[in-house]
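One structure below.
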Amino acid sequence: MEKFIILSTVLAASFAYDKICIGYQTNNSTETVNTLSEQNVPVTQVEELVHRGIDPILCGTELGSPLVLDDCSLEGLILGNPKCDLYLNGREWSYIVERPKEMEGVCYPGSIENQEELRSLFSSIKKYERVKMFDFTKWNVTYTGTSKACNNTSNQGSFYRSMRWLTLKSGQFPVQTDEYKNTRDSDIVFTWAIHHPPTSDEQVKLYKNPDTLSSVTTVEINRSFKPNIGPRPLVRGQQGRMDYYWAVLKPGQTVKIQTNGNLIAPEYGHLITGKSHGRILKNNLPMGQCVTECQLNEGVMNTSKPFQNTSKHYIGKCPKYIPSGSLKLAIGLRNVPQVQDRGLFGAIAGFIEGGWPGLVAGWYGFQHQNAEGTGIAADRDSTQRAIDNMQNKLNNVIDKMNKQFEVVNHEFSEVESRINMINSKIDDQITDIWAYNAELLVLLENQKTLDEHDANVRNLHDRVRRVLRENAIDTGDGCFEILHKCDNNCMDTIRNGTYNHKEYEEESKIERQKVNGVKLEENSTYKILSIYSSVASSLVLLLMIIGGFIFGCQNGNVRCTFCI
């Protein structure tokens, strides 16, 4: 009985040991993240990587202001539609905006050869200047042909500003030949057309010659054209058609034209220079007084986030497009609430069972209990290293996704609808690959982050254990019971790593011997009890066997024969 009393007394005294615990911060955040191995892991803090807001306006970029074509299409500007006179004197732009409505483009019905390539060429330049190429006053033809299909802003018959409709003069249309040399230091884009009358009578009426031949040649092209005469459906009041062509005349090159009818001859060309973003947007957004690094068809996006889910088509340095509406990067700790019913030191588990809501000055820290009371303090060094690491992780994700990739919205004609379909599929597949890479990267980083936080707490725990050495007992739950009296100054030295274990070595050794002695007494007591129990059990069993044997003999059920 004395042994049990001594054991109880010493164990009770052990609960009075000064104690220091290692743990981490927890808060009331409801944020969760996904990792490679877990879904919806609670964390104290996250960074949303997908930007969703947008300002519905048009802004300039570092290359300048956009060219907003309110009433004209790009084709109308290039051909010189008479209702696009506003753009005759040349323009400069960073990108082009067309409105999603019927625009003034090709006024006399017909089609432009390689139209999408012409649009792409013009959208990629920065500015143009109109240059005179041919002077038709020297030609023995009429060069003032007009059409009601190409009315000007006064609703009077007119024609393209970049070309001349050549017709007979004095009842004749002799063969006309002329040439132009590009003496400028930039390319010149020029256009021409071939007229296809609806009837032979109109052919003769306009050009005298029933069978004509026109040619346009340079060192790179050699084109000859004959009209296809015949009636066609009425479009813009016309049964005739025009096929439109274009070419690029490089510096030093010469273009030669020859015709005896049906040629819509080039008069002005466009001297093109510089490079723009090479994009054509189509929207009704208003123009703002602003400059942006990221312009989408839907508006302006100003953000430092690496991803957006608004549009895959953009201009400038925009976040990568991913279909996902949210992608969260963990930049805090695993958010495990403290066990509430155990009190501050009832069984603090630190990094094992839960965090501390009272740890507000850092991510990792200490709680202690001694004769002076209890206290909590953050470990600023490990916290700062972790915060710096989180910022590096965020920058790492941004850098890995910073390789600019633009999905260019190629424009193909109806004839090339299959190419358009293939292009769209390729765009979608590339976008899916980017989205998969982004999600996988974030899952990996989240996994590493949570693992690193666990390691940081363990490292802090190991640091304290190395400082205390044999002067404390590791209770296995993130806490240490100190085998000597440790006031607040002593606790500070443990936290900052200046603790001198030799100063308390003797006191701790004596206390540890007491603890070990109690354990020995306890073990001896248990051994004696075990022996007593075994002997008593054996005696009882032996008595039961003997009693059964005697009972059997008395009843005649057992017969004993002794042989000598």
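The backbone N, Cα and C atoms fix where each Cβ goes, and this holds for glycine too.
What Swiss-Prot annotates here:
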type     : residues      : note
DISULFID : CYS59-CYS290  : disulfide bond
DISULFID : CYS72-CYS84   : disulfide bond
DISULFID : CYS107-CYS150 : disulfide bond
DISULFID : CYS294-CYS318 : disulfide bond
DISULFID : CYS486-CYS490 : disulfide bond
LIPID    : CYS553        : S-palmitoyl cysteine
LIPID    : CYS560        : S-palmitoyl cysteine
LIPID    : CYS563        : S-palmitoyl cysteine
SIGNAL   : 1-16          : signal peptide
TOPO_DOM : 17-530        : topological domain 'Extracellular'
TOPO_DOM : 552-564       : topological domain 'Cytoplasmic'
TRANSMEM : 531-551       : transmembrane segment
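Mapped onto this structure are the features recorded in Swiss-Prot.
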| residue | record | Cβ neighbours (10 Å) |
| --- | --- | --- |
| CYS59 | disulfide bond | 23 |
| CYS72 | disulfide bond | 21 |
| CYS84 | disulfide bond | 25 |
| CYS107 | disulfide bond | 25 |
| CYS150 | disulfide bond | 23 |
| CYS290 | disulfide bond | 13 |
| CYS294 | disulfide bond | 20 |
| CYS318 | disulfide bond | 24 |
| CYS486 | disulfide bond | 26 |
| CYS490 | disulfide bond | 20 |
Determine, from DSSP, whether CYS490 (disulfide bond) sits in helix, strand or coil.
helix
Between CYS486 (disulfide bond) and CYS150 (disulfide bond), how many Å separate their Cα atoms?
98
Restricting to the disulfide-bonded residues CYS72, CYS84, CYS107, CYS150, CYS294, CYS490, which ones have a CA within 10 Å of the CA of CYS59 (disulfide bond)?
CYS294
Going by Cα-Cα distance, which of the disulfide-bonded residues (CYS72, CYS84, CYS290, CYS318) sits nearest to CYS150 (disulfide bond)?
CYS84
Where CYS59 (disulfide bond) sits in the secondary structure, as DSSP reduces it to three classes:
strand
Say you check the Cα of CYS294 (disulfide bond) against those of the disulfide-bonded residues CYS72, CYS84, CYS107, CYS490; which is nearest?
CYS72
